[in-house]
Amino acid sequence: MGTPVNITLRSHVWVEDPELSWINGEVIEIKGTNATILAAIGKTLVASISSIYPKDTEAPPAGVDDMTKLAYLHEPGVLHNLACRFALNEIYTYTGNILIAVNPFQRLPHLYSVHMMEQYKGAAFGELSPHLFAVADTSYRAMINEAKSQSILVSGESGAGKTETTKMLMRYLAFMGGRSDTEGRSVEQQVLESNPVLEAFGNAKTVKNNNSSRFGKFVEIQFDKRGKISGAAIRTYLLERSRVCQVSDPERNYHCFYMLCAAPPEEVKKFKLGDPRTFHYLNQTNCYEVSNVDDAREYMETRNAMDIVGIGQEAQDAIFRVVAAILHLGNVKFIKGEEADSSKLRDDKSRYHLQTAAELLMCNEKMLEDSLCKRVIVTPDGNITKPLDPESAALNRDALAKTVYSRLFDWIVDKINSSIGQDPNATSLIGVLDIYGFESFKINSFEQLCINLTNEKLQQHFNQHVFKMEQEEYTREEIDWSYVEFVDNQDVLDLIEKKPGGIIALLDEACMFPKSTHETFAQKMYQTYKGHKRFSKPKLAQTAFTVNHYAGDVTYSAEQFLDKNKDYVVAEHQALLDASKCSFVANLFPPLPEDASKQSKFSSIGTRFKQQLQALMETLSTTEPHYIRCVKPNTVLKPGIFENDNVLNQLRCGGVLEAIRISCAGYPTKRAFDEFLDRFVMLATDVPEGSDEKSACASICDKMGLKGYQIGKTKIFLRAGQMAELDARRNEVLAGATKRIQRQIRTYLTRKEFLRQKWATISMQKLWRAQLARKLYQNMRREAASICIQKNIRAHRARKCYTKLQASATVIQTGFRTMAARNKHRHRRRTKAAIIVQREWRRHQAHEAYKQYKKATLALQCLWRAKVARKELKNLRMAARETGALKEAKDKLEKRVEELTWRLELEKHQKVDLEEAKAQEIANLQNTLSELQEKLDEAHAAILREKEAAKLAIEQAPPVIKEVPVVDNTQLELLNSQNNELKVEVKELKGKIEEFEALCSALERDSKASLTEAEDAKAKAIQLQEIIERLHTNLSNLESENQVLRQQALAASTSAEESEELNSLKDKVAILESENESLRRQTVAVEKTVPPPEGVFASAKDLENGHQAEEIQETKEPRNPTIVLAKQRSLTDRQQENHDVLVKCLTDERRFDNDRSVAAWIIYKALLQWRSFEADKTIIFDRIAQTIRSSIEKSQDDTRELTYWLTTSSTLLYLLQSTLKFSNTNNSASKRNRSAQATLFGRLVQRMQSSSMGMETSSGYSGMVGISNDQQMVEAKYPALLFKQHLAAYVEKTYGMIRDKLKKEINPLLNLCIHAPRPTRARTLREVTKSIHLTTTAKQQASYVQWQNIINKLEHTLHFMAENHVPSMITRKLFHQVFSYINVQLFNSLLLRRECCSFSNGEYLKMGLHELEQWCLKAEDEAARSPWDELQPIRQAVKFLVSHQKTQKSLVVITKEICPVLSIPQVYRIATMFWDDKYGTQGLSSEVIKQMRKLMSEDSTNMSYPSFLLDVDSSIPFSVEDVSQSFHGGTINLSDVDPPPLLRQRSDFNFLFSDIA
């Protein structure tokens, strides 16, 4: 247990405390062998150095998940580690491969969700946080891989949570092995549903637990060869039979007795029961009720549970009848009879209970009485009946009660097993053992001895397993372990069960002697085991004895040992109950062999207990064991309370401390070389340079003088106490280093102060010198200022004189320049006016010419359009097969064309007259303009003459500086009058121009109106063209109807009635053919007069299914039915060929045209042309769906192929969604519609009416898809609806396959990105001491490589999706889900693996996420940039890990700034698991931890406890509407898609070229 050595001053140690078991403190004084310790709670203790243990001050505050990793593996260290983890709600802890489960006494559903099961599925043991799912998964994997049965041993005292643990184990095994349903319920559900029944008949109230199991339960989950659950069975062991007759205070008997007494009144009356206090088997104790338990309600729940497990009402009544009979038997009492050593019933009350018991058991009352009071002895001379004394009769009665109850319990277990169903061919199994734990009360009796014997057996099995695990590790590391001793408890087992000489053997021997008492039995034991080291006699005890068990000493009271051990199998009882009229009771006691039924045989409960225990151990020995130790943290059964004494006692009883002793007997401290060097590298100063880790570790140990340590392949193994020696030396080295650091820091601070003072002195000198310099500079500045003032005054005077002279010269220059400017301005005004007049005249000429050309062009266009309209009118006349509406439309159109022709002629004459008037007006305007130009030239000449005269006058004038205005009033008045006349003429000219423009605008409006009417006529012509196309289609429909009628006529019989029906059909055919002939003639007549319009290539003989129709014979006689059937077969073959070609085009045509799938367009157009969407039955949909499905299944691993089919399916789905409408009308309505349109004329009229209601776009689906009104959508039938659903399913399936394939590819890479790689084992010492930089570089390289691989996977998938033009919405959704998956995997692994919640690992993840962020930012596709927000949880978690000064951060800062997205449980989980492996700093403060724990407790009371793990979203994140919206807002133009050459060669697909032309 860790020898306490090297305890020095200031050492942190653990010391025993009577209240808290162990408390930590610091050694403040050592005197001899005693040490004075200042405890953390404030008190001072003195203890022997040999009784204190060192404390690991570097242990993480949240504890370690595997206690074998503790630096000091001793009792206080284990207890403290469990307490730390329990305070953080970490209820599971490993000790090697043993799981310790501390009952939290609260619901923690997040720990047992399906998502948590997924996390532990296939994970290596110890890789994730401790959990019972890890134990279950390890056992399941071992069973599958090694083909060997496994067992999980769940032990612990009452209330420790064994039953809940067993339930969760079975849930996980059912999750891993599938669900084998029986009658609608899974195997584990049936096993769990049997618990209430078994608890009612096998559980009782004890001193420590109100619902203690008084039997052992071994649940076998059976598996087949595939690892699937095939059956189950419940094996029960060691039922405490003596409790039926003897109960100690304050315990109770089995629950079923009290439930039956609290049953409904009619049940109580039927079984003649009453108050439990009136029954001897129940009133031996004063406890009749259990707090918070309603026996009446429990009785009804037990009844319901019996119904569930398959126990019928009759069997239930029989069961409780037997239970009631046992209670009545207990009230049968005896007194001495008339003869010696005889007995009889004591009173009438006993007689009544005997009669009632016989009535309930349906046996003979007299025979029952005789079997209790008499004994038949078989001798060679005959049978001898011996009377029994009252005491023997009472023992006989109790033996009968115990036997009946034991048989009843076994029958219930067998019934439950038969209901669950066992698999006799199961190849392997996993057994879960739930058995009572070690018991030690104030008064311990025979039951406690049997229970503790069981635990001693299991502890031996456990010790052997632990020692075996230790041996395997020693062998694996190749170290010598031959001298390691095994701690065994075989001597205790021999003391109790050895035969002969054991306690049970002595007890059986005493029971067979009539005169033996418990005093003689005790004296016999005292004499036999006087020198036994495991046996002792308490002082002043007469019948008590003490056994030294592995968990401690237990004192037993030998009183009632003999009575509780006796269990006679009385032949009279067997014969009596076998003859019962109740078949249920008779089946409990089947007839025995003749030799066994002749006489009564002694049966010992202790011996039977040993046999069952041996059978259990044999079963366990054939399996590979796994151990779970359940611990009850407190006796008040409340959450958050950890009682050290209670837990420590359970650790002893559960064998955990025993396992630690075994480990301490060998090498309790095992450390990997790198971990050892990281901790003790400072002790390796003298190690030679270049030594590897292994040599360095050995050198350190040798230098420290350690003896007995071992060097393995990957670890170093230290004996007990050696870790403390190394830590003591390490503390000394660290203390010396600390002193050196302090000395350097003090030197640094002193020098810093000196430099500060030196700098201050220099600053003072500098300031004084600066002051002197400033004074000198001021004087020099004043002298320079005075000189500057004198200079400026002199300059001012000179400048003032110069300014006056300059002003005079400027005035003179201004006068001359002003006169010249006026003259120049006057000339420019005149020139500008002339230019304006010229510009307006030229503009007028150009405008008039443009208008003339424009009107001529419009007239030419009108004539050309009229010509085209006339041609179209001729074509429309060919389509007029009916004389009514078509002739009227033709007459109206001809009248309209004549009217338009007349109006065009009228406009032409008007234009001619207008042009002549315009020409005359233009000539007049030109004459006027020429006259004005002459007058303007004269005015210019006069102005020039005036300028020359003025210039001459200025030259001749004397030089007087004075501006003299020159005024010539006569000339000025003349010019003004001329100017006014010109203005009047220009105004008149503008008025005429405006009138002319008004006339032109009126003519232009008339021309536009004519053009609009011409366009309307063209639109109507287009409508008539479409009507003609529909007539062609209807003609083909009529041909199909004729062929069907001929086929019916051919199939008709030759009988009289069939002949009449044939004649009627022939008449119909003749009528239809005559109607066809008349329509054909009308069509030919119209075609002769109207040629087909340009650009129309659709043949009039194309059928609506894409096939070419045969030429219609021009005869009025009915056709031959045989010829018609042959043609029908040829059409069917042609249709099949077209289907084959279309499917081949779907698989072979992989082109894209403007991001559109050519194959999807071809299929859509073909189905639309063939009217497959409107067909009630067709096979083309099934063939297309089958082709897509088979192609998807073949290319499951090819992302390129999957993306292509995703694009094709989604495009086709969008086209159907945008075009089809699905009618909900019934068949009768459709039949009425068909009957109303039976004739071609009726259908034609209806379609013309529907077409005339609104013809904004063509109804022939000429290329623009995305129709908004229902009148232009196809009304689809059921096959089309089913085809659309199939397409939606294929889109979802293909999307899911691409997403799951990408997840599968990046999942192993994510596992490498979660945890930073550990440094190489074979490091040299220099590498160890300088590993920080190298480790960082290695992490960066490893992070870059793994994340670059992930980015490559993402890049390839994105490339394939872009290459195959997958809609951006689908690509974006896929990457959102993939990034969410990355976030979930990283985040959950961070929360489940403590080694990932470190500072250095946070840096490692941060570098990887940075690489992914850079890829997202550089990506050109928006689909790769937008999903970055999905990584917010892991980014914020990493931000928390790499943040500094966590102890100073408040809860608000953490939840609002650092981790706003994360929930409180998630932040709490990360904070409690965090450890700084780089700088050694602490995590969040205890106050923040308490605040988060308080918030979580409040949330758990208001709602279910939230899970801290994230779930993977595997749903399809888009709908059909989303797919439609992803295609450019809901519309797509397919009119210009070029069909492939395969279809160009076939005339049946000519309709594909109509839109291109």
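Using N, Cα and C of the backbone, Cβ positions are placed for all residues, glycine too.
Per TrEMBL, ATP binding site is recorded for G156, E157, S158, G159, A160, G161, K162, T163. Within the same chain, residues at least six positions away from G161 (ATP binding site) with a Cβ under 8 Å of its Cβ are A101, N103, C630, K632.
Feature annotation from TrEMBL assigns coiled coil to 876-1089.
Under the heading domain 'Myosin motor', TrEMBL lists 62-731. Averaged over the domain 'Myosin motor' (62-731), the predicted model reaches a pLDDT of 84.
The domain 'Dilute' annotation in TrEMBL covers 1182-1498.
According to TrEMBL, the region 'Actin-binding' annotation covers 613-635.
For the recorded ATP site, residues G156, E157, S158, G159, A160, G161, K162, T163 set the reference point as the centre of their Cβ atoms, and the other residues of that chain within 8 Å of it by Cβ are N103, N209, G437, C630, K632. Burial estimate for the binding-site residues (G156, G159): highest at G156, by number of other CB atoms within 10 Å. All protein chains included, K162 (ATP binding site) registers 26 other Cβ atoms within 10 Å of its own Cβ. Around the Cβ of E157 (ATP binding site), 23 further Cβ atoms fall within 10 Å across all displayed protein chains. Of all Cβ atoms in the shown protein chains, 19 besides its own fall within 10 Å of the Cβ of T163 (ATP binding site).
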